[in-house]
Each structure stands twice: as C-alpha cells, then as structure tokens.
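Pulled from TrEMBL, these are the features on record:
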type	residues	note
ACT_SITE	His198	active site, GMP-histidine intermediate
BINDING	Pro174, Ile175, Asn176, Met177, Ser181, His198, Gly199, Ala200, Gly201	GMP binding site
Amino acid sequence: MSQQYDLYLQRHKANVQKGFDWLKTNMPWLFEGRPSAAWQTEFEHDASKSNPDEYEAYDAYFYGGNRSHAIVEAFNRAWLLHIHRNPHHWQHWVLINDDPGEGEVLLEMPYHDMKLTQQFAVLNRKAMVDVILNGMGLTAVDIFTTIHNYIDTDAMILRKGSVSAKKGEKLLIPINMRDGSLICIGTGNEDWNCSAPHGAGRLMSRRAALNTLSMEEFQNEMKGIYTTCVVPDTLDESPMAYKSIDEIVSQIGPTAIIVERIRPVYNFKASD
C-alpha cells in the first residue's frame with residue numbers, strides 16, 4: 001500500500017468536490033428538477049479506484065518503480081475495469097465488447113467530433129466548387145468526393161497517404177501541378193485494403209525541394225498552363241518534387257482502373 005497513492009486519491013476527491021460545489025454555486029440551473037443525491041452520484045468520481053483490483057494495479061504502476069510487462073498489463077486491465085464501472089467515463093469511452101477483458105475501446109466523443117469535421121470538410125469542398133462553377137458559368141454534370149488522410153468509419157480503416165478505392169467507387173488521384181489528375185474506378189482489392197494512393201508521392205522532402213530545385217526549371221515545366229503560383233514559396237509543390245505519372249499509372253492497376261485524365265489549363269496553388 002502506497003502513502004503517495006492514498007494522498008493522491010484524497011486530493012483528487014477533494015478537487016472533484018470543489019468542482020461540484022462550484023457548479024452548484026455558479027450554474028444552479030443545472031440542478032433544477034433533479035435531486036441533489038442523483039447529481040452527487042454522477043459526480044462521485046473515481047470511487048472504484050479504492051477497490052483492490054484497481055487500487056493495487058494503479059499503486060504498482062504509478063508508485064512501484066517497476067514498469068514490467070506484468071505491471072503494465074495489470075494496469076491496463078484495471079483501467080478497463082474502471083471505465084466499465086464508472087458512468088462518467090461512458091460519456092467518453094465505449095467498450096466494443098461488454099467484457100472489459102477484451103481490452104478494445106473506442107473514443108466516443110472524439111469519434112463524434114471527427115465525423116463532424118469530416119462533414120464540415122465535405123461542405124467546404126462543395127462551397128469551393130460552387131464558387132468556381134458560378135464564377136465560370138458552368139453546370140455540374142457529375143460530382144464525387146475523394147478524401148485524403150482520414151478514418152473510414154464504415155470499414156474502420158485509417159487511410160494516411162491513401163484514398164478509398166472500393167469496388168465501383170469513383171476516385172481522384174492528383175499527380176502534380178503540371179500533369180493533372182487521374183479519375184479512376186476502384187476495384188475493391190482487399191489486398192490493398194480497398195485503397196489507392198492519394199497522389200503521386202514525393203521524391204524528396206519539402207525542405208529538400210526548396211533547397212535544391214530551381215525556379216527556372218519550375219517555370220519551364222509549367223509552360224502552357226496558366227498560373228500565378230509559380231513562385232519560390234511553391235517550389236516544394238513543383239512537378240519535379242513528385243514521382244512521375246508513368247510510375248503511378250504502372251503501379252495502381254490492381255486497385256484502380258483509370259477512366260480519365262484531367263489535364264490542367266489553370267492551376268492555383270496557395271503559398272505561405
């Protein structure tokens with residue numbers, strides 16, 4: 001038994017009580033129509049940490065001076081038991097399996113927030129498309145969305161450097177400022193996690209590109225494409241900084257079928 005851990009529990013409980021008292025004083029409307037006892041139960045924070053199956057594991061992990069595999073495993077199980085027992089943690093965590101021994105958890109509120117940001121990003125892209133269509137007097141014939149660097153919550157796949165390429169799904173693979181983009185149809189290749197590259201891939205880091213590539217070559221490579229963005233700040237986005245379109249075309253066959261290539265007439269690239 002650790003005196004340090006006992007002191008921590010006492011201080012922590014006192015701090016939680018202070019927070020509860022502050023709410024009662026400063027936000028009394030929260031308590032309207034609800035018995036004080038019910039609120040006190042909801043704010044009874046970390047009571048189960050005094051249970052032997054939690055207490056001993058926490059004490060050993062934080063104050064025992066030993067982080068062996070067995071100690072870490074015991075701590076992880078104690079933590080899962082704790083969130084399983086305490087309703088205040090269910091606002092943030094959901095056990096996938098109701099057996100805490102499984103050890104699988106999801107962050108519920110960050111998951112919800114992430115979904116909101118994904119929806120916001122879709123609307124943001126739509127707003128940009130609307131501005132371009134209205135400004136040029138064009139009408140959309142077909143619209144689809146390709147998302148980079150995100151968590152696919154349907155398939156539970158984190159795609160970093162890749163995009164979804166499910167069977168029959170339309171997707172866009174941008175190459176570079178000069179060569180444009182590829183419109184593809186996914187093949188649903190499970191060996192590729194139903195994914196495709198989200199671009200050509202860099203040949204060098206941004207810093208290396210800024211330090212080694214030349215503006216003269218950049219300007220020559222972009223001839224024939226109207227742009228006001230061939231400037232030193234975008235040198236790290238120049239065509240020379242990326243793999244060739246031929247290399248990408250030769251590699252993506254198992255996961256994506258190319259149906260169209262978009263060749264740029266105008267290019268805008270934001271600079272710092």
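Just so it is clear, glycine is given a Cβ too, placed from its N, Cα and C backbone atoms.
Structural mapping of features recorded in TrEMBL.
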{"residue": "Pro174", "record": "GMP binding site", "Cβ neighbours (10 Å)": "18"}
{"residue": "Asn176", "record": "GMP binding site", "Cβ neighbours (10 Å)": "22"}
{"residue": "Ser181", "record": "GMP binding site", "Cβ neighbours (10 Å)": "19"}
{"residue": "His198", "record": "active site, GMP-histidine intermediate", "Cβ neighbours (10 Å)": "21"}
{"residue": "Gly199", "record": "GMP binding site", "Cβ neighbours (10 Å)": "18"}
{"residue": "Gly201", "record": "GMP binding site", "Cβ neighbours (10 Å)": "13"}
Original post:
Closest to His198 (active site, GMP-histidine intermediate): which of the binding-site residues Pro174, Asn176, Ser181, going by Cα position?
Top reply: Pro174
Original post:
Hey, what's the widest CA-to-CA gap across Pro174, Ile175, Asn176, Met177, Ser181, His198, Gly199, Ala200, Gly201, the GMP contacts in the record, in Å?
Top reply: 15
Subject >> Neighbours of Pro174, Ile175, Asn176, Met177, Ser181, His198, Gly199, Ala200, Gly201 excl. site residues, C-beta within 8 Å of centre, GMP >> reply: Ile173, Asp179, Tyr242, Ile248
